[in-house]
Ligand SMILES: NC(=O)CC[C@H](N)C(=O)O
């Protein structure tokens, strides 16, 4: 599979995701500058994490108007696969490619720590190989990660099995203390109605290299590829 990783001014997780795809998973990756208009034939586009345009106005609010987003929107509307991680998720929400919005964390603090996640569905390209009985430990690092949507949208997401991940604690408990940023329904990741656009706040690329002693994020990339990297 050929991956395209979009780089905006202020992206800072592009190289991490490229490293995982190329060196851990042996995939072909092209780096796409935000001013480009050509997705270079990529089969799967990733908007990586970071602080595009310094998070001015709102995280993702300016990047959403970068020239390449015209192509990205067209690609997604034609069924192309697209994943936004953290700032990438914020850009997808600003572009209305996934439902909902990412607000400032409830405690108004930047949160940088491991999160524990429940895989809410295996009915998605990102989670199809995951074991729903096993929690994932994946780092988060964000100031604006509180998922919010109108209650009708939340109902629709639940009814259509479109919530991918929910925050919990190390025991799988979903009480309010385990909801690290105050997201509605502990939502940490969602997909769109077409199930081809995915957004998540945790950083699976930061939990994929054996040297880090935590490869819980790898199952997301392996699910995308439809194969376990033995
Ligand atoms: N790690 C990131 O992608 C940071 C996300 C975003 N800029 C925030 O602080 O909310």
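Using the three backbone atoms N, Cα and C, a Cβ is placed for every residue, glycine included.
Annotated features in TrEMBL:
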type: ACT_SITE; residues: 86; note: active site, nucleophile
type: ACT_SITE; residues: 203; note: active site
type: ACT_SITE; residues: 205; note: active site
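Under the DSSP three-state reduction, residue 203 (active site) is assigned to coil, being neither helix nor strand. Note: residue 203 (active site) has non-local neighbours 13, 16, 49, 85, 86, 138, 139, 140, 141, 217, i.e. same-chain residues 6+ apart with C-beta under 8 A of its own C-beta.
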